[in-house]
Amino acid sequence: MVMEEKPKKILILYASETGNAIDAAERLGREAERRGCPVLLLSVDDFDPSSLPDQEIVIFVVSTTGQGDNPDSIKVFWKFLLQRNLTQNWLSRVNYAVFGLGDSGYQKYNFVAKKLDKRLSDLGATAVVERGLGDDQHSSGYEGALDPWMSTLWKALYQKDPKLFPKGPELMTSNMSLMDQSKVQITYHDVAEGTSNFSSIPDVKLLEMQIESTRFILPGKLSGKYSPECFLKMVKNDPLSKAGSGKDVRHFEFEAVSSSIEYEVGDVVHILPSQDAAAVDAFIKRCNLNPESYIQVQANDNKENEQSYDLRNTLKVPVRLKTFVELAMDVASASPRRYFFEVMSYFATAEHEKERLQYFASSEGRDDLYEYNQKERRTVLEVLDDFPSVQMPFEWLVQLVPPLKTRAFSISSSHSAHPNQVHLTVSVVSWTTPYKRKRTGLCSSWLAELDPQKSGLISAWFQKGSLPSPPPSLPLILIGPGTGCAPFRGFVEERALQSQSGPTAPILFFFGCRNEENDFLYRDFWLFHSQKGGVLSEEKGGGFFVAFSRDQQQKVYVQHKMREESFKIWNLLTEGAAVYVAGSANKMPSDVLLAFEEIVSKEGGVPKEAAVRWLRALEKAGKYHVEAWS
């Protein structure tokens, strides 16, 4: 009797920060399965790196965050790969492919994918195809690169081993056979049974249980810790920018309600936003759901398909359906993914809608879908309203509606100065789409509308950011235009406290804004600490310098002020100062770095190339930090 050969499996590992890499990885998994090849899909932090040499084919999908930073989920894996005892042929039996997601507007574009590709090659692994680099700047987003790269990948894998795709790299099984069931199973409970579970639980504990019960549906470790570290209550909501200036920047203060707060300057707080109640009700009505029913969500036990939906637990207690939607499903701010349109096409009963959805889901319709969906930032609710004949089962909606994500903010206070508080400096996000539709950022606009007298509980998680807390003896050069000043308000608060009990090193701070009158954020605070004896005063070896970009004909930015103070900057650098840069990720970080290169070259009397190397060494020594956001 001949033993039937077990089909080979492709391992797909992803490292995601915002969820895009998960979407790309899931798409690769679906496309491989449609060609008859089994797949194991995992977040890279769920994979044991020591077993990498045992894998035959591995596809990595990795995003780059900030200024060339690793997503949190790949940090342990990457550290393992950098071990010196790993030999040049450690991965000699492994075939791999790398697809990166990045933004060419950043200086270190797709840096994580590039360095991972090089390291795998250095350890003896064989690249099946050249690495693919998805670019947010492309007219179709990262999919503009993913589609052709995938086509090349399947052909290359088939050439390497035809058994992977028994009927060839182009032939796909019917999509309908993969549509039989979603990866999520929902059990409905009697209303009386659901309410009896919660009748005697205090509000704070109940909210904690509900968040813990709903947020585990986020794929991979995107959810972080399920349960909030603490609940906050807003106690102050003050405008920092002048009304009518075209910007709305706020200073928020929060107090801990449930437990004490612990953080250091430079840390980040993640806040779970609240969705618009009317939008949640409209979604529930549009999908013909009963908001009062109680549900439990769990993974479908589908042995055929190992591209498992990452439900680590099941809901321990039933949760009200409306609460589940509010806490877990982003129905009115995030845009659905391409696969959402594909699944919608199976549930469309109107022929013209079905055809349009099929076109959007096809490679030919990719660019038109990008124009309709991502560029306009169309929400799930808006898309469903545009295709009224579609009635998707709730199981599919739970699987495919983008998860409601926390938003990260740089903390703008010192814990030592405000033991039970956390302060934030937030620009309320608003923009107009190409079709002149007004959009606002979900979290920033929600916070701006909160009344401190009536504020409810706000779920918060604390995390280390890119700006480590400096010791009082370390001289600092801080560059923080706009809301980039947020973390440095905390730095200055902390150093002012430290200076009361002992000597502290000087601080040079470069701030920038459009107009002195409209958006000089925390003006009185900076000027107070610049006065005689203050931590930003010249007397203490420091300084505070402001660039008002629009108050004169010639635009002036922080880098111009830096060049004016090149002698002071160079002196502080030679005394061992650390550089901290925070703010918009557009051009600012690279413009500031260029200014530093010119200053080191001029004041140090060295060629530009030597200045570049000098600053690179500063970064390697952990003394050049950047936290930038788009």
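Heads up, the Cβ atoms here are built off N, Cα and C, so glycines get one too.
Note that TrEMBL annotation is computational and uncurated.
As recorded in TrEMBL, the features of this protein are as follows:
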{"type": "BINDING", "residues": "Ser16, Glu17, Thr18, Gly19, Asn20, Ala21, Ser63, Thr64, Thr65, Gly66, Asp136", "note": "FMN binding site"}
{"type": "BINDING", "residues": "Arg377, Arg407, Ala408, Phe409, Ser410, Gly441, Leu442, Cys443, Ser444, Trp629", "note": "FAD binding site"}
{"type": "BINDING", "residues": "Thr483, Ser549, Arg550, Lys555, Val556, Tyr557, Val558, Gln559, Asp591", "note": "NADP(+) binding site"}
{"type": "DOMAIN", "residues": "10-154", "note": "domain 'Flavodoxin-like'"}
{"type": "DOMAIN", "residues": "227-475", "note": "domain 'FAD-binding FR-type'"}
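Binding of FAD is attributed in the record to Arg377, Arg407, Ala408, Phe409, Ser410, Gly441, Leu442, Cys443, Ser444, Trp629, and the widest Cα separation among these residues amounts to 25 Å. Fewest other C-beta atoms within 10 Å: among the binding-site residues Ser16, Asn20, Ser63, Ser444, that description fits Asn20. Residues Thr483, Ser549, Arg550, Lys555, Val556, Tyr557, Val558, Gln559, Asp591 are the ones the record ties to NADP(+), and the longest Cα gap between any two of them is 19 Å. When the alpha carbons of Thr483 (NADP(+) binding site) and Arg377 (FAD binding site) are compared, the span between them is 24 angstrom.
Looking only at the binding-site residues Ala408, Leu442, Asp591, the one with its C-alpha closest to Thr65 (FMN binding site) is Ala408.
Within the set of binding-site residues Ser16, Thr18, Asp136, Arg377, Leu442, the entry lying nearest in space to Val558 (NADP(+) binding site) is Asp136 (CA atoms). With a 10 A radius on its CB, Arg377 (FAD binding site) counts 14 other CB atoms from all the protein chains. Taking the Cβ of Val558 (NADP(+) binding site) as centre and 10 Å as the limit, one finds 26 other Cβ atoms among all the protein chains shown. With a 10 A radius on its CB, Thr65 (FMN binding site) counts 22 other CB atoms from all the protein chains. For the pair Arg550 (NADP(+) binding site) and Ser444 (FAD binding site), the Cα-Cα distance reads 25 Å. In sequence order, Tyr557, Gln559 are the residues near Asp591 (NADP(+) binding site), counting only same-chain partners six or more apart with C-beta under 8 A. With respect to their backbone Cα atoms, Thr18 (FMN binding site) and Ser444 (FAD binding site) stand 17 Å from each other. Comparing the Cα of Ser16 (FMN binding site) with the Cα of every entry in Ala408, Ser410, Leu442, Ser444, these being the binding-site residues, the smallest distance points to Ala408. With helix defined as DSSP H, G or I and strand as E or B, the domain 'Flavodoxin-like' (10-154) counts 58 helix, 34 strand, 53 coil.
A straight line from the CA of Leu442 (FAD binding site) to the CA of Asn20 (FMN binding site) spans 19 Å. Ser63 (FMN binding site) and Ala408 (FAD binding site) are 17 Å apart (CA-CA, integer value).
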